[in-house]
Amino acid sequence: MGEMETAPKPGRDVPPKKDKLQTKRKAQDPFPGPAPVPVEVVQKFCRIDKSRKLPRSKAKTRSRLEVAEAEEEETSIKAARSELLLAEEPGFLEGEDGEDTAKICQADIVEAVDIASAAKHFDLNLRQFGPYRLNYSRTGRHLAFGGRRGHVAALDWVTKKLMCEINVMEAVRDIRFLHSEALLAVAQNRWLHIYDNQGIELHCIRRCDRVTRLEFLPFHFLLATASETGFLTYLDVSVGKIVAALNARAGRLDVMSQNPYNAVIHLGHSNGTVSLWSPAMKEPLAKILCHRGGVRAVAVDSTGTYMATSGLDHQLKIFDLRGTYQPLSTRTLPHGAGHLAFSQRGLLVAGMGDVVNIWAGQGKGSPPSLEQPYLTHRLSGPVHGLQFCPFEDVLGVGHSGGVTSMLVPGAGEPNFDGLESNPYRSRKQRQEWEVKALLEKVPAELICLDPRALAEVDVISLEQGKKERIERLGYDPQGYDPEAKAPFQPKPKQKGRSSTASLVKRKRKVMDEEHRDKVRQSLQQQQQQQQQKEAKAKSTGARPSALDRFVR
């Protein structure tokens with residue numbers, strides 16, 4: 001029988017031919033390397049100013065600075081890439097052609113949105129114990145409010161689950177959540193009281209008496225209180241001690257706000273000024289003359305760039321806090337604004353009697369435009385407290401008739417940091433976050449107007465300490481420098497290489513290198529001065545003259 005050709009059995013791999021293998025190996029990625037990231041997006045997350053040159057220092061220190069810069073650049077690129085994964089976008093409200101959004105009422109907004117968003121609009125009718133002050137927790141999940149006639153309550157406003165409800169049988173002037181929703185500070189008629197989320201009184205702080213306003217600084221664990229006696233008191237809630245008690249010397253203090261960017265407290269006074277305070281200084285950091293009458297309300301946006309004030313002269317002003325402290329825009333209101341608040345996205349709300357007006361700008365980091373209101377709403381009683389809910393398009397309003405939750409599209413930040421402010425965290429996650437926050441607590445002494453100055457060297461204090469050290473040692477300040485570089489001493493070598501001539505030669509070589517460095521530095525300074533002179537000459541724009549050749 002002749003030989004028969006056997007076909008390959010099904011299921012077995014047949015080796016491909018050599019030419020196909022070669023073509024596959026030659027195939028390359030059409031888009032090699034990582035995907036490009038826009039430079040504008042990367043700069044938004046970058047924290048290092050690359051326009052400033054690195055200081056002239058030792059090679060080891062310089063290499064460390066370069067490594068830190070490289071790590072910062074890599075981190076900013078990763079943050080820019082991860083921004084694509086953010087699913088939520090900020091909301092907005094747009095009217096039809098020529099339609100004024102201020103005429104759109106809350107009923108129309110509730111009817112247009114989905115069921116989950118519509119449930120965020122509600123009214124609590126509590127006329128018996130009003131007017132009310134309110135406060136949202138940092139996660140935006142819990143709401144606490146207190147009435148003038150002693151009613152205090154805290155609830156999960158999303159699920160409408162009541163956490164606690166008590167009557168302190170005393171007037172409540174202000175209320176604040178502390179670092180978490182488990183602790184609550186209530187400024188009662190006489191003293192400051194601390195409650196837990198079950199309504200049980202934990203502490204009564206008698207050193208803080210006749211408190212009118214409260215502010216909590218979350219990164220410093222400080223509770224700031226303003227009182228009728230004119231004192232601004234800082235209480236460290238982590239250890240239970242008073243850090244500072246400052247006398248403002250301006251009478252009764254009932255207008256207070258904090259700058260979220262640098263934790264500086266802003267106080268409004270009856271003479272029309274706003275003073276900026278830090279617990280590290282006994283005098284105000286700055287004073288701004290804002291109004292011709294007394295200041296009624298103060299608010300600072302989340303970026304710490306703009307401050308809104310309203311006074312008895314019925315004017316609403318927006319100030320620039322970046323060193324100029326000049327008003328950017330002014331608007332005269334019919335009745336004047338008694339309460340102000342900024343949202344996370346830069347919206348400004350003002351309470352005028354029983355009317356709430358909201359103004360919008362170009363987005364986060366831009367001042368609100370006071371020309372045309374974005375939304376308007378009329379309440380059942382005069383406004384007594386305002387606050388935007390974090391990470392939600394919701395505005396909470398406390399008034400004489402109770403508490404109202406309004407829908408304000410575009411007010412809240414759409415995406416939250418799950419490691420910092422997680423609305424859905426469990427009890428175990430909250431406890432772990434508290435431990436981490438306590439370990440990373442910022443000292444109260446570091447509160448200043450410009451937090452970036454903390455990363456720079458205080459040359460004046462350094463020179464002063466150097467002089468004091470020289471005087472303590474008893475040397476002549478003109479002829480002795482304790483931090484001067486020690487003269488070079490060559491190390492001894494073997495095999496006859498440590499002769500006197502070789503030691504002198506090595507010393508001279510090092511001295512010549514140091515001299516070259518000094519000459520190089522002086523030449524660079526001369527070049528920089530020459531460039532500055534040429535730039536000034538070009539900026540003046542004067543016509544060239546024949547006598548310019550004689551100018552040196």
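Note that the numbers count up from 1, one per residue, in the order the chain is shown.
Cβ atoms are placed via backbone N, Cα and C, with glycine included.
The region 'Disordered' annotation in TrEMBL covers 1-37 (among others).
For 10-28 (among others), the entry in TrEMBL reads compositional bias 'Basic and acidic residues'.
What TrEMBL lists as region 'Disordered' is 53-73 (among others).
The compositional bias 'Basic residues' annotation in TrEMBL covers 53-62.
TrEMBL lists 288-322 with the feature repeat 'WD'. Away from its own ends, the repeat 'WD' (288-322) comes close to residues 255-262, 266-276, 328-342, 344, 346, 348, 350, 364-365, 367-368, 370 of its chain (Cβ-Cβ under 8 Å, at least six residues beyond either end).
Mean model confidence of the domain 'BING4 C-terminal' (373-451) amounts to 92 (pLDDT, 0 to 100 scale). Feature annotation from TrEMBL assigns domain 'BING4 C-terminal' to 373-451.
The annotation region 'Disordered' is assigned in TrEMBL to 473-552 (among others).
Residues or ranges marked as compositional bias 'Basic and acidic residues' by TrEMBL: 510-520 (among others). Note on the compositional bias 'Basic and acidic residues' (510-520): residues 488 of its chain, located 6 or more positions outside it, place their CB under 8 angstroms from a CB of the stretch.
Note on the compositional bias 'Basic and acidic residues' (510-520): DSSP counts are 11 helix, 0 strand, 0 coil.
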